[in-house]
Amino acid sequence: MGDSRDLCPHLDSIGEVTKEDLLLKSKGTCQSCGVTGPNLWACLQVACPYVGCGESFADHSTIHAQAKKHNLTVNLTTFRLWCYACEKEVFLEQRLAAPLLGSSSKFSEQDSPPPSHPLKAVPIAVADEGESESEDDDLKPRGLTGMKNLGNSCYMNAALQALSNCPPLTQFFLECGGLVRTDKKPALCKSYQKLVSEVWHKKRPSYVVPTSLSHGIKLVNPMFRGYAQQDTQEFLRCLMDQLHEELKEPVVATVALTEARDSDSSDTDEKREGDRSPSEDEFLSCDSSSDRGEGDGQGRGGGSSQAETELLIPDEAGRAISEKERMKDRKFSWGQQRTNSEQVDEDADVDTAMAALDDQPAEAQPPSPRSSSPCRTPEPDNDAHLRSSSRPCSPVHHHEGHAKLSSSPPRASPVRMAPSYVLKKAQVLSAGSRRRKEQRYRSVISDIFDGSILSLVQCLTCDRVSTTVETFQDLSLPIPGKEDLAKLHSAIYQNVPAKPGACGDSYAAQGWLAFIVEYIRRFVVSCTPSWFWGPVVTLEDCLAAFFAADELKGDNMYSCERCKKLRNGVKYCKVLRLPEILCIHLKRFRHEVMYSFKINSHVSFPLEGLDLRPFLAKECTSQITTYDLLSVICHHGTAGSGHYIAYCQNVINGQWYEFDDQYVTEVHETVVQNAEGYVLFYRKSSEEAMRERQQVVSLAAMREPSLLRFYVSREWLNKFNTFAEPGPITNQTFLCSHGGIPPHKYHYIDDLVVILPQNVWEHLYNRFGGGPAVNHLYVCSICQVEIEALAKRRRIEIDTFIKLNKAFQAEESPGVIYCISMQWFREWEAFVKGKDNEPPGPIDNSRIAQVKGSGHVQLKQGADYGQISEETWTYLNSLYGGGPEIAIRQSVAQPLGPENLHGEQKIEAETRAV
């Protein structure tokens, strides 16, 4: 990497080229075919003014270089240099670094040889968000692309437009396209990536047809098949769940990885060790127990002042282009589960007085098994407050008895607990999870949208307090009525918890007479100005209603584990971890047994400065608590029919636009404020994050020559460019637990990393912590050995099973038949066939066995089991252990008399201790 042999000897042939010259040429055309940009290439040979097209067209730039023997050329969009003679990307800094490298032979010898393919310093630009796009005035603004209605698909179009205008997600799909890899069908992430690229392309069409994504979502969830109108919130949940499933990656054990890197690192500065933030495996969160299972990066490259720098870090205003033509690489070939996890809760048995409880934040109880909300009682509608358990999140970890929370600024201290109670680890893992290694997953979806809620419930009889941490991806908020508002405001003014049932009782089951009265009242209300009926409902009121304390009494009493009976209780909930983008769903639709209706009440929501500080738990470590509105989805019509549109703020020019299927119209912000919001997307706002990016831009512009360059995760750099709180540097996305590159990632490692100069790396490392520091990439030999050993193990196990099962099938009358649980067998089969990386736990026949009155175990009637031979059972049991052993033994009894000449076949189930 730093070897002088890697230096391009042709850099001296570059003539004097100014930034203004390059910008002027970028507005021109190919001198051979007349095609316009982007991605024109300018020859850098002295006194050569040629500008040619790239591989996207006829590639006249290459033809010119080969004919004229002009070796160096620069991309007029990305300002990256390519040498045809060396067949690699080159950097102007190498001319400055050459004397230093030449005088440091010791360093050159120690440096590792370059990899088999050139690794690129990726141009990701960070510029001032306030800069105008004057250099691209001749181009239409990006992201203003409509979507054709495919037949009652406005619910999908509005949701996609709202997501498309979430910069962290869009920037990921535009700038980190190499990370969008999946072997899972229907590869919805690929369809979404293609759609985002079309919507945000500089030469965008007036509208696109999202056929591929529509077809994919119908394969995932049959509910969306046909042409019936659907709920946009259900579509959002289903889409994001599937994107997470396809993009999820196992979380590497950070502690082991840090130790592995530290053992090889030349920098052991104790100060840096103290500055490191808690790693990602210290997040405190768990799965939601929701029963609802399914539910900008826009590129601008030309105008950066760092046109000749090795590192251009893109900004959230979208001035960096997506890397479709990153370099002219003729040498390199591109060849080569958050599963349905068990619930993991944080429960605590705590004796505390009500007086002490009053001093604590209001936190709530875990939901009942059929509840879709951590803080509300079940309601007969189609809404869910928390995400489905099909999307696990960052798991619960404990170190020395203290639960730690990750924070964005570097900090390593354990979380500050509330004085009246202490969280303790609950033993609620299922039998399978105890026996099988727990695997944790994360994805860009969970990084952006996942938050967590701390729920607390107290028994009013014994004062037992239990806590649960649950992950949410959206908050479904009730819309309080006039009476509810009075109760909420009264509780606020008196500084006491709101009266329980503030928003639940008003929507209780209604009789026919009550229904008619309610229907007439709602019709009259909809025709009467809101000022006539009372105060306007605000989004803060909806949040207060959601987080208000609830009494558990009557039919909703709390089942106390200490009292062993139903008791009256109180439940609270607070936000434990704020998401980068907060999705809020207003519960406008009510679906009762005999009818449905829509709540048309106007809910006032802020465009800027939504503050969630009043709803945070004391343990919350999020430093930024204010949010600005990104987009809002609106529904016009009734509960039975209607139309969806979206209002979104364009990240480039800050203007608001209405997206109505294929029509996009600029609107004033007052139109947005008066809209009847249904789903709202808010983004964390931080001036400090913008200043931090500007500081990194300044450091990159200094172009200080250095002996070392560092590799950083491209995905984390995208977080730095678009997140208000990016968190610690997470190089674990391209490293294994041993500190090397996993063999299966090495062939596309340049898609996973970005090269940073030393001064930029040191600034980011000192500011955010994390890591580990990486300035040498190598394939992990330990992982390679493990992969080979795993493949050998799989081959031996499956070959042995096939051999034993073939012999078993050849037996006409086996003396004994062993039973094995098909659930366990399917897990083992997935492992040996390579569909699952984790081997199954011990054999678990408990699902197919039942105990007789005498204590013996027999096969359960109707059980899901398979029949195997004694030899096969012995072989599998020797590898995995477990049980119980269930054998159906066949024996022929002695004849009882002449009338029974053929004997009697007796079949009994036997159980042996394992």
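The backbone N, Cα and C atoms fix where each Cβ goes, glycine too.
In summary, of the candidate residues Thr62, Thr170, Thr258, the record from Swiss-Prot lists phosphothreonine for Thr258, whereas the others have no such entry there. Of the candidates Ser289, Ser305, Ser333, Swiss-Prot marks one as phosphoserine, and that one is Ser305. When you go through Ser413, Ser813 in Swiss-Prot, the residue listed as phosphoserine is Ser413.
For the residues Ser108, Ser132, Ser263, Swiss-Prot attaches the annotation phosphoserine to Ser132, which does not rule out the feature elsewhere. As annotated in Swiss-Prot, phosphoserine applies, among Ser134, Ser341, Ser372, to Ser134. Per Swiss-Prot, the Zn(2+) 2 site holds Cys30, Cys33, His60; the candidate it also names there, chosen from Cys43, Cys53, is Cys53. Cβ-based neighbour count (10 Å, all protein chains) for Cys8 (Zn(2+) 1 binding site) stands at 22. DSSP labels the residues of the domain 'DUSP 1' (687-780) in these numbers: 48 helix, 16 strand, 30 coil. Separation of the C-alpha atoms of Cys8 (Zn(2+) 1 binding site) and His643 (active site, proton acceptor): 60 Å, rounded to the nearest whole number.
Cβ neighbours within 10 Å of His643 (active site, proton acceptor), excluding its own Cβ and spanning all shown chains: 16. Each of the binding-site residues Cys83, Cys86 was scored by the number of other CB atoms within 10 A of its CB, and the lowest score belongs to Cys86. Neighbour list (His10 (Zn(2+) 1 binding site), Cβ cut-off 8 Å, at least 6 residues apart, same chain): Asn71, Leu72, Cys83, Ala85, Cys86, Val90. On the 0 to 100 pLDDT scale, the domain 'DUSP 1' (687-780) averages 91 in this prediction.
DSSP assigns Cys8 (Zn(2+) 1 binding site) to coil in the three-state reduction, placing it in neither a helix nor a strand. DSSP assigns Cys86 (Zn(2+) 1 binding site) to coil in the three-state reduction, outside any helix or strand.
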